[in-house]
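To start, the structure under review is shown below, and the notes come after it.
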């Protein structure tokens, strides 16, 4: 074996300490880096080769640790962790900021008429469906029926919320009306994510001890995981949908946007994008990817099995998802 690197760097785990918020934030700033969507197929395949070779104990001569980690994050950004298949471009985590800034900016610009609300809420939920399908579990893949049910339900919920609130806010200030899209997105997340992961709520998700030894499946762990994801998704959208209304409400009274009203959408998209560049990774980092809960919070049957085999165990761990 040749090369400068030791063969025992654990590239299956993130580079930074995931028990701290700072470590998780660094990880997600790298994972959601929009520049990764500009990488060519040749660059993606080169990163895949470096990762696969290293996992097999082959260390290319001259490869540095920074280059190895860069290859690992490029690989993770484009290939499914379970199946190894290349993911749909707009479904990758690196596409979240550019896609969401465009869709969110347009939702918040064109919110006054029913056709515009219908169209942009439909676009947003269609994008969410692509993301959820792209990042589906390889062990328990989504069925077409589950995906369709979640898609239709979330779209209906978002549109109903937006149209209902639009009707209620017609008699209040224009500023209040600008927050309708955020309420619609929050409502859709509360519908979409639990429906998309309904199988986990029924049969549970794998729980392990600290060393990764599988102990069983828990629906209680699934509830905690899904709640954390819903909270982080809503908070992720909040800065990009709560800050721009104040800015745009002021800017649209200025001479520039009165003279060039068509500039409202590009300006709004830019403001939303600036917010999302920071909000996306920071809100992904709110909760550890490897979450934990007390054994006493599990189902009685699973508690009994764990106490029988591991009487000293106090906490179990599980992957919360994204």
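Every residue, even glycine, has its Cβ placed from backbone N, Cα and C.
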Q.
Tell me if residue 170 and residue 253 end up on the same side of the membrane in Swiss-Prot.
A. yes
Q: Write down the single range among 267-287, 288-308 that appears in Swiss-Prot as transmembrane segment.
A: 267-287
Q: If Swiss-Prot is the reference, give me the range from 85-102, 103-120, 121-138 marked as transmembrane segment.
A: 103-120
Q) For the topological domain 'Mitochondrial intermembrane' (196-228), what are the same-chain contacts with Cβ under 8 Å, counting residues 6+ beyond its ends? A) 132, 140, 142, 146-147, 150, 286-287, 291, 293, 297-299, 302, 305-306, 309-310, 313, 315-321
Q. Do any residues of this chain, six or more beyond the ends of the topological domain 'Mitochondrial intermembrane' (288-322), have a C-beta under 8 angstroms from a C-beta of it, and if so which?
A. 14, 18-19, 24, 93, 135, 197, 205-210, 212, 215-221, 224-226, 228-229
Q: Please give the sequence-distant neighbours of the topological domain 'Mitochondrial matrix' (250-266): residues at least 6 beyond its ends with Cβ less than 8 Å from one of its Cβ atoms.
A: 105-106, 109-110
Q: May I ask for the residues of the chain that lie six or more residues beyond the transmembrane segment (147-167) and have a Cβ under 8 Å from a Cβ within it?
A: 111-112, 114, 117-118, 121-122, 124-126, 128-129, 132-133, 177, 180-181, 183-185, 187-192, 195-196, 198
